[in-house]
């Protein structure tokens, strides 16, 4: 086990220590988040470039839960468009265990950075959305909701390969916890959040991920977020400004009386044609966008239907869009009991997952 210091991050204010095997030569800091840092590294025996994600989750139960979900799900899926875990650094002992190191494929950038720095061609948009939906088909067939799809969670490399990452908010679609439990700790980026999450529809379904894909496609087409809400009310207002006031049928699909009353209190809004918002975009792209961004989740296109949409015809291949087996019922057992689990118990779960 070596204690390696990668180059300090851009602020230049501190070094970041990585307690990883001497098989890895640590290179540069490539990303930082709330409870972790990612460095590029070289696996010396093979010469392979990898990303090492150092996570320090044990201060907060929420970070422990996210880490556990991430490890379990990334190990479960084996898919070209889902980031894979190549290895997990085994700790020396439980007593000294206070950091998690995930070794993953190294990707060069992410969709957020790409959208900010360049205009995407129609062909790029097709290929990136196709790959995102291809990954989502595997997740949804396994009864997994990602719940946090956004441009920064779509990793890219120079030849336009796309891989979905960050499964820390994922849940089983099969076991409907009561919706309040489902929503606790829901910190997904507001801009990509489906309206039913804010309006508490009867249940949350795979359609919440489809909405996020619609928001991402819109952002790729225009170079800016479609619904950049500053808060809950602003977010809903922006959505209704574009989609118009819900029909009576859609209105009564909203479970929460308070949410219904709030929508009734708003002035009537006419739908804005997507053609007005995206004047240079192809008809097929706009047709898919309409179907991805249906207000009512019941009317929203499914992932399978979206893959067959004419806009994605250049890439669609039904023989090369694999599913994944449904996750076992006990897969997310720890989530069912999360409110009663101590940080120490969660740490034990993470340790067991690493050592298995």
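Placed from the backbone N, Cα and C atoms, the Cβ positions cover glycine too.
Copied over from Swiss-Prot, here are the features:
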{"type": "BINDING", "residues": "30, 31, 32, 33, 34, 35, 36, 37, 38, 53", "note": "ATP binding site"}
{"type": "DOMAIN", "residues": "24-312", "note": "domain 'Protein kinase'"}
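Within 10 Å of the C-beta of residue 38 (ATP binding site) we count 19 further C-beta atoms, all protein chains included. Within 10 Å of the Cβ of residue 34 (ATP binding site) there are 10 other Cβ atoms, across all protein chains. Between the farthest pair of Cα atoms in the ATP binding residues (30, 31, 32, 33, 34, 35, 36, 37, 38, 53), the distance is 15 Å. All protein chains considered, the CB of residue 30 (ATP binding site) has 19 other CB atoms within 10 Å. Taking Cβ-Cβ distances under 8 Å and a sequence separation of 6 or more, the neighbours of residue 36 (ATP binding site) in its chain are 53, 54, 55, 56, 57. Summarising model confidence by region, the domain 'Protein kinase' (24-312) averages a pLDDT of 92.
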